[in-house]
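Down below is the structure, laid out as structure tokens.
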Amino acid sequence: MSKVLIRGAKVLGGAPQDVLIDGAQIEAVGSGLSAEGAEVVEADGKVLLPGLVDLHTHLREPGREDSETVLTGTRAAASGGYTAVFAMANTFPVADTAGVVEQVYRLGRQHGYCDVQPIGAVTVGLEGRKLAELGAMHESAAGVTVFSDDGKCVDDAVIMRRALEYVKAFGGVVAQHAQEPRLTEGAQMNEGVVSAELGLGGWPAVAEESIIARDVLLAEHVGSRVHICHLSTAGSVEIVRWAKSRGIDVTAEVTPHHLLLTDELVRTYNPVYKVNPPLRTERDVYALREALADGTIDIVATDHAPHPHEDKDCEWAAAAMGMVGLETALSVVQETMVETGLLDWAQVAERMSFQPARIGRANGHGRPVSAGEPANLTLVDTAYRGSVDPAGFASRSRNTPYEGRELPGRVTHTWLRGKATLVDGKLT
Amino acid sequence: MDNKQDKQQDNAQDRQGGQQDPQPQSDARPVLEGPDIARALTRIAHEIVERAKGADDVVLLGIPTRGVFLAQRLAAKLEQITERKIPVGSLDITMYRDDLRMHPPRALARTDIPGDGIDGKLVVLVDDVLFSGRTIRAALDALNDIGRPRAVQLAVLVDRGHRELPIRADYVGKNLPTSLRETVKVQLAEEDGRDTVLLGAKRTAPGAQH
Amino acid sequence: MQRHLISAADLTRDDAVLILDTAEEMARVADRPIKKLPTLRGRTVVNLFFEDSTRTRISFEAAEKRLSADVINFSAKGSSVSKGESLKDTAQTLEAMGVDAVVIRHGASGAPYRLANSGWIDAAVINAGDGTHQHPTQALLDAFTMRRRLVGRDAGIGQDLAGKRITIVGDILHSRVARSNVDLLHTLGAHVTLVAPPTLVPVGVGTWPCEVSYDLDSTLPKSDAVMMLRVQRERMNAAFFPTEREYARRYGLDGDRMARMPEHAIVMHPGPMVRGMEITAEVADSERCTVVEQVANGVSIRMAVLYLLLGGNEPAGSHTRTEEK
């Protein structure tokens, strides 16, 4: 691998600098670095970030390769500026054994677009009854540290308590999909003014908040850490803020779509807006932005959930829940957090790279942009504005809620351990 | 007698003229005034009695809107002559029109058949203007769904010619030879505040005169 | 009027009054020896029923046939839909057959909206009830029944329901009839009160243009019409209320309660009634109960809607009212 000189990049949004990559590592960061023997990328004022890390991706392989595969999903990730993604366990078969997680891990390494760190299921078959072999998955080649039944809630308090306790032995973390199942039977959208009018089954905020409240108290009681997936309500923010103030080891994520979209969109009955947890109200959106800015919410995670066209081109109740997000996440964060003045680019790096890597123990990712560090980097043209065209997605699925919407920013280059996976917006 | 489509166009043009032209009827001249109309109706009433041999079984059905008022006036005159109650009603033909697909649906007018019905009766249809004959064709279809009269006759205030169907009036207030470029508009006190028949020039394409 | 009839909320006051007035004329056709009009000759209407509803289906079918439309009944049961064919595929099949209008009943809220707005078909879409969302022709026939009884058959022409006090009692949460009626009655100037146990009132009802009460007895004397909604027995198992007996005692309409209504007030029910649950036989069979009238009025209303949507080259416009004047 030869050398690459990125010239004039605003590292983490700061003053323009040159960054020299040699092989898999960053060789030097400074001004006026020599281009000798190096391929030059003129950054021309673009922002250079550490490679983004997504703690919440659905890659669908094995089992639903019609909606996404590890290859198409990691290409989508590279397009969006990601160098590592955590793949959720709700595949077919479920990633609840060492065998399945190793398969997913290896596929990611083979394709070479983005590291894939499998998440293991907390319970066998995501059924919530019996703990999966968490230790075996941790000891496998995949080295699983994050466990989640995402898509389903670990609603049994005893199972949740045991999981929280058990993973302490190897520094793991349980990522909870907080959804009280009885309160959300038949749920189709946020319960409130809009659901009342549309006659769609309500998914009340309390179904999320009650589980989060329980789980932070359980984590405190057993002295473990807990991670809250896709936090979506103002009330959840309050609970997490309170838990952190008590010193409870809780981390939380928010999705880009919950930072931008509200349940008013459901009035179109277009299932592209159907997602779990559902789009909430404007008040929730503002509370989530504020919480991401003040650190109550630690990270942005995409909950990238690909679905084939037929699962969305139908009536609302019959449609699948979920949105793709890897290729639009950074733009939505720029729109909702940077351009509103809530975050600067260094704070974006914190929330989309450093922190998620730390929570998931993704070695080699989420490192500072400095000499001697792995060359996992993302170059962003923050001045760009354009409307989202799903036809250009690398993902196999097109179920984006942003089709035709103008969003700022575009990832032009991504490097994974010094190897360019995206050049001038095109996958290598 | 004009068909409804032409009426509609005429009305639309009148309204349009009203909005755009300070003197909408400036080019329309009266060809019948109130006393003329009254005389014509009296004559028709006598003709009906004469031809129907006492008008024992006559039922008058006016075609909305103005045909209904004419039918009511005719009935009053017939009652004067015969000193008997003459059944009078209305027959809306909107749902039987042959040009429904050419316009947005129109509000329906009232169909009101006198209590004893029309079976075996002499039905006299009454309308203001006879033009293409299509309205009367629709009226005959509508009658067919309501009952089986002994005979059907037609009375109109004005026959302006230009028939498109083999239909003729049995009683005519005034024959008024017209050009297709002219419009005939009947105004009646019950609806328009005064009795008159106006002959005017048809406007060409909207806006063309401005 | 819009090209489709999806929600009662889509109707303006003038649209709604035009439909009621037109229905009044359509009703007179039923008194004739030949109950048929040639108006929709050559037009094809499909009754696309994904949910069983014989009453609504035959009401639409009678209306379509009285207007001489060609009628195709498509019931999801025993069709390719039960074999997994999607709404979209079904719709496109119908479109290929040259259908002018689709009357759709579907268990999923929003299915008619999707059908009308997804580019799957060009035909006009008439919502015959979707999930717990809307049932606009039911609301129209209810308003028609109220106008006849409370304003008058002839006196009502051109009128709305301004100032009338309408009480809707029962399972509001799961009721498309309640949603449609609240929207339409508000548009027509009526004052609506919903009465139900709090468990059967949706969260978010606060923005609806109506009042909510949990007390039937105090509402009855202030009602010109009381509409009882069906309460399904299975709601009991989902803990919406403790027992049928308790529900009937607190929210059922019996003779004693009916006596507290003003003398002119009527009792309505969209059917089918659960006698002994929300309504006693004594009330259901009384003179004041309009349930049978509502069925007859349903045909007139559906004829009016079909005529105004399909009778011309485009839907009836607001100018339709003044055209003859």
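Any Cβ shown, glycine's included, is placed from N, Cα and C.
Residue counts for the domain 'Aspartate/ornithine carbamoyltransferase carbamoyl-P binding' (C:3-147) by DSSP state, with H, G and I taken as helix and E and B as strand, are 66 helix, 27 strand, 52 coil. Residues or ranges marked as domain 'Aspartate/ornithine carbamoyltransferase carbamoyl-P binding' in TrEMBL: C:3-147.
Marked as carbamoyl phosphate binding site by TrEMBL: C:ARG55, C:THR56, C:ARG105, C:HIS135, C:GLN138, C:GLY271, C:PRO272.
Cβ neighbour count for C:ARG230 (L-aspartate binding site): 19 (other Cβ atoms within 10 Å of its Cβ, all protein chains included). Summarising the annotation, TrEMBL assigns L-aspartate binding site to C:LYS83, C:ARG176, C:ARG230.
If you look up TrEMBL, you'll see C:163-309 marked as domain 'Aspartate/ornithine carbamoyltransferase Asp/Orn-binding'. Looking only at the domain 'Aspartate/ornithine carbamoyltransferase Asp/Orn-binding' (C:163-309), the predicted model's pLDDT averages out at 95.
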Which residue among the binding-site residues C:ARG55, C:ARG105, C:HIS135 has the fewest other Cβ atoms within 10 Å of its Cβ, if you could check?
-> C:ARG55
C:HIS135 (carbamoyl phosphate binding site) sits from C:ARG176 (L-aspartate binding site) (Cα to Cα, rounded, in Å) at a distance of 6
Near-A candidates in C:ARG55, C:THR56, C:ARG105, C:GLN138, the binding-site residues, by Cβ under 8 Å | none
Additional residues surrounding carbamoyl phosphate, by Cβ distance to the C:ARG55, C:THR56, C:ARG105, C:HIS135, C:GLN138, C:GLY271, C:PRO272 centre under 8 Å | C:SER53, C:SER59, C:ALA128, C:GLY129, C:VAL177, C:PRO270
Using Cα coordinates, what distance in whole Å links C:THR56 (carbamoyl phosphate binding site) and C:ARG230 (L-aspartate binding site)?
-> 15
Count the residues of the domain 'Aspartate/ornithine carbamoyltransferase Asp/Orn-binding' (C:163-309) that DSSP assigns to helix (H, G, I), to strand (E, B) and to coil, and report the three numbers in that order.
-> 65 helix, 24 strand, 58 coil
Rounded Cα distance, in Å, between C:GLN138 (carbamoyl phosphate binding site) and C:ARG230 (L-aspartate binding site) is 14
Across all protein chains shown, the binding-site residues C:THR56, C:GLY271 give the max Cβ-within-10 Å count at C:THR56
